[in-house]
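What follows is a set of notes on a single structure, which appears directly below.
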Amino acid sequence: MAKPTQTTAHLTNHRRSVNPEEREQANGHRGVIVWFTGFSNSGKSTLANKIDQILFQQGCKSIVLDGDNVRYGINSDLGFSRKDRKENIRRVGEVAKLFVSSGMITLTACISPYQDDREKVRRLVQEDQFFEIYCKCPIEKCEERDSKGIYKKARAGLIKNFTGISAPYEPPVNPDLILETNHDSLEVCTHKTLRLLETGNVFLESNKIPRHKNTI
């Protein structure tokens, strides 16, 4: 739990009338964060939304926090400096924590280029409530997929602090899963992700376990 600061010392952390365990029992699954990280166009958002669709069809409570989408709202005041990137991930992590406490499977698709920032999010929840998934894809392949031309603009110097071009990306040191999204299909990546959640005991009821076709 975060230590009180000068601005929070006088506040009270109110107890909820419905605790997380009760919500999880009602949902039939645990509340967790599934954190997809990788370059832009590495497949994070596509995979997160595919998993979300399957979970929804199975009656699970899930939500996607997309790195681009949050910048239209709660993070609209942030840029792409190191300081702003750090704050961006901090806010996403805190929002994800709230969803986890409500028993939801929270799928985040953020580049989140810095190991330290990702580790801080991991520490917001219990150890078995965080799954880090590295969407590993060579930047050259990501550029091939770039229909919006953002990589081209970044290489031309029109976009500053662009991850992989003018800003660093620190690959996960010990991710829960590495997906080779440069050659593995969406179906294969989906199966591997769902299998990770199943073996991680996310699903408390057998009827909540997605029966996704194994195409590996």
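Each position is counted from 1, following the chain as shown.
Each Cβ is built from the backbone N, Cα and C atoms, and glycine gets one as well.
Sequence-distant neighbours of Ser112 (active site, phosphoserine intermediate): residues of the same chain at least 6 apart with a C-beta under 8 Å from its C-beta are Trp35, Thr37, Gly67, Ile89, Arg118, Val121. The active site, phosphoserine intermediate annotation in TrEMBL covers Ser112.
For Ser42 (ATP binding site), the same-chain residues lying six or more positions away in sequence with a CB closer than 8 A to its CB are Cys135, Lys136, Cys137, Cys142, Thr181. The ATP binding site annotation in TrEMBL covers Gly38, Phe39, Ser40, Asn41, Ser42, Gly43, Lys44, Ser45.
Sequence annotations record features per position, and here TrEMBL assigns compositional bias 'Polar residues' to 1-11.
Marked as domain 'APS kinase' by TrEMBL: 30-179.
The feature region 'Disordered' is assigned by TrEMBL to 1-25.
Listed in sequence order, the residues of the same chain lying 6 or more apart from Asn41 (ATP binding site) and placing their CB within less than 8 Å of its CB are Cys137, Cys142, Glu143, Arg145, Asp146, Tyr151. For the recorded ATP site, residues Gly38, Phe39, Ser40, Asn41, Ser42, Gly43, Lys44, Ser45 set the reference point as the centre of their Cβ atoms, and the other residues of that chain within 8 Å of it by Cβ are Phe36, Ala109, Ile111, Cys135, Cys137, Cys142, Thr181.
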